[in-house]
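Enquirer: Among the features that TrEMBL reports, domain 'Major facilitator superfamily (MFS) profile' is placed at 26-505. The transmembrane segment annotation in TrEMBL covers 23-41, 61-79, 91-110, 116-137, 149-173, 179-199, 215-234, 246-266, 286-307, 319-342, 349-369, 483-501 (among others).
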Amino acid sequence: MSIQGPGEKALHDQTQLLPKKELLVVFTIIALSLFICAAEQNGIGVLLPSIARDLNAQASITWAGTSALIANTVFQVLYGRLSDLFGRKKIMLSALVLLALCDLACGLSVNSTMLYIFRGLAGVANGGITSLSMMIVSDIVTLQERGKYQGILGVMVGMGNAFGPLIASAFAINLTWRGLFYLLSPFTVVVTLASYVYLPSNMPKVNLWETVRRIDFLGLFSGTVFIILVLVAISQGGHPGTSWDSPLVIAMLTVGGVFGILFLFVEWRATLPMMPLDMFRCPSVAAMLAQSFLFGGSYFAYLYYLPLYFQNVKGLSPLMSAVLFLSLVIPQSAASVVAGLYMSKFNRYIEVVWWGFGIWSLGSGLMIMCDKNTHLGLVAFFLILTGCGTGSIFQPTLVALQAHCPKEQRAVITSSRNTLRSLGAAVSLSVSGALLTNTLRRSLPEELHYIAAHSFAAPDLGSFIPQQRQQISQAYASASRAVFVWSFALIATSLALTMIVRDSGLSRKTEEVIQQQECATDGVQLEVSSERPRKQPQY
């Protein structure tokens, strides 16, 4: 892995291996937190057509998802260092409180602008809860056992992925789309109170001013400007009315690129960087971080655009669309448990990574065949294959990354991985939206081009003549296929990158030995401790 600077060596070790009873209580709280995040994140996809009609936001409704992902990405990288400096528990509680307030505000939104603002703030909180949950697990469970416990957490994420759209659909059909947020907000309050009482913390009292001074503010500023400008440019470029060569898009990409270079320079020189660049000097770590970007983009394209395929191509109701989505998330949950148990039993992960990306690529590639006439049973089978892949990748790749780093960098490797996954998701949603809109426009007759400007709003097919209904359905099928091709390309690239990943195992004598084994072939010089290996669990 990377050489640890004096800033990292001075960080307080927050490792607290818990007795079984305490571990189960804390683990339950973390699992419920992840369930809420997954339900909140995925439920919104089913609600987009309903929200678009209610708030008259057909042309901009994708920002309900994009705003959350951009905010999630911008602040995700900061959570690792904040939790190192102030303690996991304090930052976790702050994120939970923010999510509860923002979900309530989303439910009370009176216009699209208000909704997008609070969806963005909810994305900040959601990303923090997700990252901190994984960091806390790494503090309370040894590396050898982490695969098993992370696999179980994957089940809760899968349940949130499953029940979020179902609950959202039920509200959209019987009551109002606002009901999802009204339900999740008090639920989050309950989890916040439980976290306050039961989450462990061994963080000593810190000097606030001295601790704040250690935050990498210049890195935060340059990284924030880079991400916002690039993602906004990508989300706007290529859509009707905003071409890729428009002055605004070019300016945002140019300025964003400059700040991206500045961010890299700052992180290279920083004493306590938010994203240590030395991580990327080891090929396995660099490959897995790149995979995080790619599979984040592939997965979120499915989350947001599968409901559109089910409803606008197959003619399913939002509720039936959510039910069919279970064929993805249930196998995902099962595969997460099996993968975690395999890793804990054999202290290996490379077979899981190969299997996960391989079966995901197969399922994703088969989805390209889907059109209006594809039998729903066949679609479900393709999604089952995809779900087996996603479940074998999400949590296992995090454990694999942690296996390649010293425990002082557990938090930043987790936040960096989640940042890149969220960045990939945000970029992919923007690209997918442009692909969908442009393909839809090309596939529709000229008199129906206006539908492409509101691609996320389910058209009222009853108001069209039979020939036009057929044209609209076929156009959405072509547009969905374009998104499926994009998703497959991302995950196939991830599969190819697996050739670079080396399995360093989950049971090691010392962290220094791993650093030598991992980086020696790259010519990276490391400071190796002269201490004799200690026989203790790998944290």
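Each residue, glycine too, has its Cβ placed from N, Cα and C.
Just tell me what is around each of these and how deep it sits.
Expert: Within the model, the domain 'Major facilitator superfamily (MFS) profile' (26-505) shows a mean pLDDT value of 84, rounded to a whole number.
Non-local neighbours of the transmembrane segment (91-110) in the same chain are 33, 36-37, 40, 55, 79, 82-83, 118-119, 121-122, 124-126, 128-129, 132-133, 136, 178-182, 184-186, 188-189, 191-192, 195-196, 199; each lies 6+ residues outside the stretch with a CB under 8 Å from one of its CB atoms.
Sequence-remote contacts of a segment are chain residues at least 6 beyond its ends whose Cβ falls under 8 Å from one of its Cβ atoms, and for the transmembrane segment (116-137) they are 26-27, 30, 33-34, 36-37, 40-41, 44, 60, 63-65, 67-76, 79-80, 83, 88, 91-92, 94-96, 98-99, 102-103, 105-106, 109, 146, 149-150, 153, 199, 398, 410-411, 414-415, 418, 422.
Residues 27, 30-32, 34-47, 50, 133-134, 137, 141, 179-180, 183, 303, 307, 317-319, 321-323, 325-326, 328-330, 332-334, 336-341, 343, 391, 394-396, 398-399 of the same chain lie 6+ residues outside the transmembrane segment (149-173) yet bring a C-beta within less than 8 angstroms of a C-beta in it.
Nonlocal intrachain contacts for the transmembrane segment (246-266), taken as residues 6+ away from its ends with a CB within less than 8 angstroms of a stretch CB, comprise 216, 218-219, 222-223, 225-230, 232-233, 236-237, 273, 277.
Same-chain residues lying 6 or more positions outside the transmembrane segment (286-307) and placing a CB less than 8 Å from one of its CB atoms are 41-42, 45-46, 48, 62, 65, 69, 161, 165, 279-280, 318, 321-322, 325, 328, 357, 360, 364, 383, 386, 390, 393-394, 397, 400-401, 404, 416-418, 420-425, 427-429, 431-432, 436, 480, 483, 486-488, 490-491, 493-494, 497-498, 500-501.
Residues 147, 291, 295, 298, 335, 339, 342-343, 379, 382-393, 396-397, 399-400, 403, 481, 484-485, 487-488, 491-492, 494-495, 498, 501-503, 506 of the same chain sit 6 or more residues outside the transmembrane segment (349-369) yet have a Cβ under 8 Å from a Cβ within it.
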Enquirer: Are the transmembrane segment (215-234) and the transmembrane segment (61-79) near each other by the rule of at least 3 C-beta pairs under 8 angstroms (pairs 6 or more apart)?
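Expert: They do touch: at least three Cβ pairs between the two stretches lie under 8 Å.
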Enquirer: Who are the long-range neighbours of the transmembrane segment (215-234) in its own chain, taking Cβ under 8 Å and residues 6 or more past its ends?
Expert: 66, 70, 73-74, 77-78, 81-82, 85, 248-249, 252-253, 255-257, 259-260, 262-263, 266-267, 270, 272-275, 423, 426-427, 430-431
Enquirer: Give residue numbers and ranges for long-range contacts of the transmembrane segment (319-342): same chain, 6 or more residues beyond its ends, CB-CB under 8 A.
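Expert: Same-chain contacts beyond the flanks: 46, 147-155, 157-159, 161-162, 165-166, 168-170, 173, 302, 306-307, 310-311, 348, 351-352, 356, 376, 379-381, 383-392, 394-396, 399.
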Enquirer: Near the transmembrane segment (179-199), which residues from the same chain, at least 6 beyond its ends, have a CB less than 8 A from one of its CBs?
Expert: 22, 25-26, 29, 32-33, 36, 39-40, 43-44, 47, 88-89, 92-93, 96-97, 99-101, 103-104, 106-107, 136, 164, 167-168, 171
